[in-house]
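Visitor: Dumping the structure here so I can ask a few things about it.
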């Protein structure tokens, strides 16, 4: 029972984190794996393996994969990708967590799955923004290809090797969190330095007795 709970949690959280790369690809992988019997969602989430879900997610995933190769559309999608990734990550993680209490299960799904997806999405958005600023968007298709491969590869790895994939994803989450914190600290340091450099100095230095 404990092992089943562990595997289910690894699958749910792993697929949720992959939503940070692409929203619909992990959901499509989850739907296909459910349909083929590789994974079993919790009662109430059997719709993931329905043909309607598979067809709808296939269309959405195809559009999403191609849209990030359009120069102006990739950055526009980032504005809605964050909330979409959090919602998708919450849904996927909640659908596999073995927790009887509905409120607690959705809360854990939001915290673990939605948080993981949001953190990965924040990292990829900053990476794409940096690529656009340094290369004028020329390298954005390369970034998009890497994100597509990571989303597909890690999703498949989560289905077939959940424990191994979970370890990789935890390492990735820690790396992204470290980079985001380092970036934030650097920005505050630059801001403080700029403010100190811009502070006007008095042209009349004070003497030791406090008079000019």
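The backbone N, Cα and C atoms fix where each Cβ goes, glycine too.
Automatic prediction, not curation, is the source of TrEMBL annotations.
According to TrEMBL, the record shows the following:
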type	residues	note
DOMAIN	10-180	domain 'DUF4126'
REGION	192-212	region 'Disordered'
TRANSMEM	6-32	transmembrane segment
TRANSMEM	53-70	transmembrane segment
TRANSMEM	76-97	transmembrane segment
TRANSMEM	109-129	transmembrane segment
TRANSMEM	149-178	transmembrane segment
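Surface or core, plus neighbours and distances: that's what I need for these features.
Guide: Within its own chain, the transmembrane segment (53-70) is flanked in space by residues 22-25, 27-28, 31-32, 35, 47, 77, 140-141, 144, 147-148, which lie at least six positions past its ends and keep a Cβ under 8 Å from the stretch.
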Visitor: Quick one: do the transmembrane segment (149-178) and the transmembrane segment (76-97) reach 3+ CB pairs under 8 Å, ignoring pairs fewer than 6 apart in sequence?
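Guide: Judged by the Cβ rule, the two regions do not touch, with the required three close pairs absent.
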Visitor: Which sequence-distant residues neighbour the transmembrane segment (109-129)? Criterion: at least 6 residues beyond either end, Cβ under 8 Å.
Guide: 12-13, 16-21, 74-75, 78, 81-82, 85-95, 97, 140, 143-144, 147, 169, 172-173, 176-177, 179-180, 183
